[in-house]
Amino acid sequence: MNRQTKDKFVRWFLGVCAGVGCSLLVLVLAAVLWRGHSALSIEFLFSKPGEFGEGGIFYQVLGTLLLMAGAGILSFPIALGAALFQTEILRPGKVSELFQLLMYSLNAVPTVLFGLIGFMVFGVWLNTGVSWVTGVLILAVMILPTIQTAMRQSIEAIPEHYQEAARALGLSTWQRIMAVVFPQSAYGLVTGVLLGLARATGETAAIMFTATVFSGILIPESFNDPVLTLQTHILTLAQEAVDPNTLANAWGAGFALICIVFFLIGLSLILRSRYVVEADS
């Protein structure tokens, strides 16, 4: 086999791999849309839930967004501080590598363990119980390594001559962060938050027995109240529903959840591409 033949084979193989990956995504979206299209409507999205899966998913969407927003607000400053500490304070070496290994290890912890340990720490010791606050705290810890890693990569992508110029001017670490790091990595930092929120949106095991209920409440009225979420709604209907219309509602809720995730990922890609263009200019 000559070099040109090998090159064609590699190109063909890589194209097939890319096609399979894209096809699987399209198949998943098509299946969810096909099974849930009968439930999708403006009324379904903006009406309150009824008896066991009937009605709309408005309050489930609100509950999901509440957990996402709370987790993002709590995790953002910690992840940003950790990323700045690793890139601006720590010198490249074993300590920095160990720090990043700990972040990767935290990201690899099974979500069900996050739920168990998080409920023990937050729900029992802090006496928050099964509540949306417990869910926010657990999700904030879960998405911390995702956001920190994305932020670190964004900061490390800043051209080195910018940092060298700031040091030559005698700027302190804080001045360098404010004058160089934040302006040059702003889009990348926001991208990290969006990716973390996208991960939080898809989590079910960690919050289904620590923060959510299937029914009995619409909007939490205190810090100790649970919340409705799309994840718990879908899981409960998928396990227990037998009526075709109720199952269609579960698929419709699944499609709404996928749309939220895709919106966050798409927005993060747009911001990342804009950041790359500005960094290259």
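Backbone N, Cα and C define each Cβ position, glycine as well.
TrEMBL labels come from automatic prediction, so no person has curated them.
Taken from TrEMBL, the feature transmembrane segment covers 12-37, 57-85, 106-126, 132-151, 177-198, 250-271. According to TrEMBL, the feature domain 'ABC transmembrane type-1' maps to 61-266.
Below 8 A, the CB atoms of the transmembrane segment (177-198) and the transmembrane segment (12-37) form no more than two pairs separated by six or more positions in the chain, fewer than 3 in all. Ranking 12-37, 57-85, 132-151 by CB pairs under 8 A with the transmembrane segment (250-271) puts 12-37 at the top.
Remote same-chain partners of the transmembrane segment (12-37), defined as residues 6 or more beyond its termini with a Cβ less than 8 Å from a stretch Cβ, comprise 247-255, 258.
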